[in-house]
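Heads up: the structure comes next, in structure tokens.
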Amino acid sequence: MSSNNSGLSAAGEIDESLYSRQLYVLGKEAMLKMQTSNVLILGLKGLGVEIAKNVVLAGVKSMTVFDPEPVQLADLSTQFFLTEKDIGQKRGDVTRAKLAELNAYVPVNVLDSLDDVTQLSQFQVVVATDTVSLEDKVKINEFCHSSGIRFISSETRGLFGNTFVDLGDEFTVLDPTGEEPRTGMVSDIEPDGTVTMLDDNRHGLEDGNFVRFSEVEGLDKLNDGTLFKVEVLGPFAFRIGSVKEYGEYKKGGIFTEVKVPRKISFKSLKQQLSNPEFVFSDFAKFDRAAQLHLGFQALHQFAVRHNGELPRTMNDEDANELIKLVTDLSVQQPEVLGEGVDVNEDLIKELSYQARGDIPGVVAFFGGLVAQEVLKACSGKFTPLKQFMYFDSLESLPDPKNFPRNEKTTQPVNSRYDNQIAVFGLDFQKKIANSKVFLVGSGAIGCEMLKNWALLGLGSGSDGYIVVTDNDSIEKSNLNRQFLFRPKDVGKNKSEVAAEAVCAMNPDLKGKINAKIDKVGPETEEIFNDSFWESLDFVTNALDNVDARTYVDRRCVFYRKPLLESGTLGTKGNTQVIIPRLTESYSSSRDPPEKSIPLCTLRSFPNKIDHTIAWAKSLFQGYFTDSAENVNMYLTQPNFVEQTLKQSGDVKGVLESISDSLSSKPHNFEDCIKWARLEFEKKFNHDIKQLLFNFPKDAKTSNGEPFWSGAKRAPTPLEFDIYNNDHFHFVVAGASLRAYNYGIKSDDSNSKPNVDEYKSVIDHMIIPEFTPNANLKIQVNDDDPDPNANAANGSDEIDQLVSSLPDPSTLAGFKLEPVDFEKDDDTNHHIEFITACSNCRAQNYFIETADRQKTKFIAGRIIPAIATTTSLVTGLVNLELYKLIDNKTDIEQYKNGFVNLALPFFGFSEPIASPKGEYNNKKYDKIWDRFDIKGDIKLSDLIEHFEKDEGLEITMLSYGVSLLYASFFPPKKLKERLNLPITQLVKLVTKKDIPAHVSTMILEICADDKEGEDVEVPFITIHL
């Protein structure tokens, strides 16, 4: 066995800077289990290498590959690590080095022979792909099943594919879904065990879940850690069984879901062939799984009869033979189709026609799916697929009227695209090559998209091209899933490196891919102008935020360009296809906004760790960013105070922060330590004592109910303890960040901070005693008026603050350095401070603390990500891409997809049709239609045109936020405007010139129809 010598992470350690986004998908326990797993992949055509790529990126102990067959030109259709120079060499040997580059922690080996099946004992998971015969798969599976080795099989043929999973007689699933354990506050527990949620909060539980309780008063025995099985009664209540013998419920209580491991049993491949268990990939094709189950078996039988050759492309003789084989199998395996179900000859014929094809989108779909099943097999995380799944995308085939498929048009032409030509035909391949496309973003989805496009040959023709843009640069945390990038690329521009990488994959793209580093938005409309958008065939988003997606979507609607949209969140992924005049747009439906945390909860009444983390991040922002920026503005902007006094925000807080920052400037690092220690006392001791002074622990509401009940947890002040890890790190990180603000050298070697050095400074400090403020009011509910709202300008307190500020002229040249929050730098103290600060506040309120990783996830608003989902989702997008190139107009041919690989779940639906409107008996598309006006028309002529040609009386006309015309304008204003061309009118009203790059303008109108009724109508596009 040959191998590479790669660096291994130490046992029990995970490189969080590399795996950070994946850790939030799998968790540390699963990652550590993966690091003890050796994986073998048999077959390194497109499917095998896609699986291997995703598994190596994920980080297993080792990867071994086996494929001694020589590289052929047609392999380049889907095997992205092969080049024409590799033709004739062994696929395994050539691919190993490329796989090894993906992850320095995963050694990649080549298995030299498969003659002795017992050598498989060294592996925990074996994956057999489409180069392995069914007979050999059965033999290998029998050995694996009896030896406790997890076995997975998969193969793709044209637009068809399947996978099979056998994880043995007894496999333990540790976490079926991967979702965060649900938790909630209880308002009541009845004797029969009915648990009711507090404040109409949904519990989110399902029948059969298990929960444990804490902080229940009255039913104290519930708090002993016992697990209770849940029976759901509704969204706000569930039952746990009788609790009569436990006593009587008084108040309080928190439930927490507990994931209980469960065992699953799998059957062998031999058993499953005749009596399969299916996971359905598309419920609209419910009946196809059984047909394809027989069809794929028949393909293997055909190959045995024909010296390993699969049916010839579009050959009816071979197709009829395959149908006969399937018919015979249906008799031998009657359980598969079931009684009275005939063989679907059209489906089997299509399988025969495409058997020699290899399509990047299908390969990417199964490559992501199977790789995730490998990770499940290694870790026990998520629910395995049980046991067969079949998939097809026959809707992707082009219209035979436009692109006829026959033996002649699908024959190989000695091209790297031959396996794609076998499915779609040569003419369609030419149309793919001559497409003009725009990819927005080259991160995880963008890299996968470009890889697939390189394999497709998209944009490689004489009339085709690809434009990709991304204004981001490569970071180490990207390398775990953005596979076109290597460690040497860190710091470089994503789009440029990605473009260079795919040109190396497919030299046909050289000179055909234009990499830009410009953000797509209103500020770059001079770059991405009218002529740019109008030249495109379609657009693909590879973005990670809603605002950018929405902007691109609006551009595509305006220019009537198809848009392929997709996104991932951990193991979840979605795809959406947007077609002009056919479907709704991305912006037509929006996710509900995130539920914000009430300010009163943050300020005074937190009850879970999310609240304390949000509070700590806000404190970080105030201490180290806002204060420094306010000081700098005060010192450089002469009218800063005057402008601040006019604002409705926290004027007093702004002025206090400036005063404190300038009057208490530290002179050395010891001063920074003292500042941090005093802030600890203020935030975690004095402020809590003040809160309890206002609302003692025995306080009652106006209704006579205990004030500290329900979601309000009575806090306790903290006494500083330098040997408490959170207390100490609040001071360490706080002092270091304050030193950064003031340009003071901190005690910031990367070594562990010395407790004794900090202690010697703190021991000599005088910590002020707490004195309650009887005049301080604390807001209890967000709906209540803020009792400490800003005093009016000119009040004594504000005047004193203003007069206390030093004259900026006495501080000429002085400047503070604001801290710019960066979550992924473990040496900058940012997450260290927020973690310590949040945990100290959690200790105040008896909330379970969180480690650095969880704090970073919440404070940094990190999106969990893993290469497997990205690969699968991109595959689905590329199957829709063929339909765009074919200009399909039947909405039923398109598919929007939602997947969750953790369950696993696959859902496909037709896109929602665009909404239609009507005026004066004229129907129009509310999204895609508009009134097109050519030339810089006069306002009066525009009004007349609508009256004569559309039967509409324009009552208002606007450009952006500027009102150009209204029927109620005074006669003088109307006279002034009616004779102006639109461009001059816009200039007059906005007092701005029309930019030179603008050749189209959008005008919004309000209009009355012939009956004088106000009607909704499309916008106007003026083509200059």
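Cβ coordinates are placed from backbone N, Cα and C, and glycine is handled just like the others.
On a predicted model such as this, the values are computed, not experimentally measured, just so you know.
All protein chains included, C600 (active site, glycyl thioester intermediate) registers 17 other Cβ atoms within 10 Å of its own Cβ. Swiss-Prot lists C600 with the feature active site, glycyl thioester intermediate, giving experimental evidence as the kind of evidence.
Feature annotation from Swiss-Prot assigns ATP binding site to R21, A444, D470, N478, R481, Q482, K494, V520, N545; the stated evidence is experimental evidence. Under the three-state DSSP scheme, K494 (ATP binding site) falls in the helix class.
Swiss-Prot lists D472, E475 with the feature Mg(2+) 1 binding site. All protein chains shown were included, and the count of other CB atoms within 10 Å of the CB of E475 (Mg(2+) 1 binding site) stands at 16.
Secondary structure from DSSP puts K595 (ubiquitin cross-link) in coil. Sequence-distant contacts (6 or more apart, same chain, Cβ under 8 Å) of K595 (ubiquitin cross-link) do not exist in this structure. Under the heading ubiquitin cross-link, Swiss-Prot lists K595 (among others).
In the three-state DSSP assignment, the secondary structure recorded for K608 (ubiquitin cross-link) is coil. Here Swiss-Prot flags K608 (among others) as ubiquitin cross-link.
Reduced to three states, the DSSP call for S265 (phosphoserine) is coil. The Cβ of S265 (phosphoserine) lies under 8 Å from the Cβ of G168, D169, E170, F171, each of these being in the same chain and 6 or more residues away along the sequence. Marked as phosphoserine by Swiss-Prot: S265 (among others).
Look at Swiss-Prot and you will find S914 (among others) tagged as phosphoserine, backed by a large-scale study or a structure entry. According to DSSP, S914 (phosphoserine) sits in a coil region rather than a helix or strand. Every protein chain considered, the tally of other Cβ atoms within 10 Å of the Cβ of S914 (phosphoserine) stands at 21.
If you look up Swiss-Prot, you'll see 425-579 marked as repeat '1-2'.
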D470 (ATP binding site): tally of other CB atoms within 10 A of its CB: 26
Recorded positions clustered about R21 (ATP binding site) [Cα within 10 Å; pool: D472, E475, C600, K608, S914]: none
Spatial neighbour of S914 (phosphoserine) that is closest, considering only the recorded positions D470, R481, C600, K608 and their CA atoms: D470
Rounded distance in angstrom between the Cα atoms of E475 (Mg(2+) 1 binding site) and N545 (ATP binding site): 18
Of R481, K494, N545, C600, K608, i.e. the recorded positions, those within 10 Å of D472 (Mg(2+) 1 binding site) when Cα atoms are compared: K494
Length of the line joining the Cα atoms of D470 (ATP binding site) and K608 (ubiquitin cross-link), in Å: 37
Cα separation, K608 (ubiquitin cross-link) to R481 (ATP binding site) (Å, whole number): 32
When distances run from the Cα of K608 (ubiquitin cross-link) to each of the recorded positions K494, N545, C600, the nearest one: C600
Distance [Cα-Cα, Å, rounded] between K494 (ATP binding site) and C600 (active site, glycyl thioester intermediate): 42
Length of the line joining the Cα atoms of N545 (ATP binding site) and C600 (active site, glycyl thioester intermediate), in Å: 29
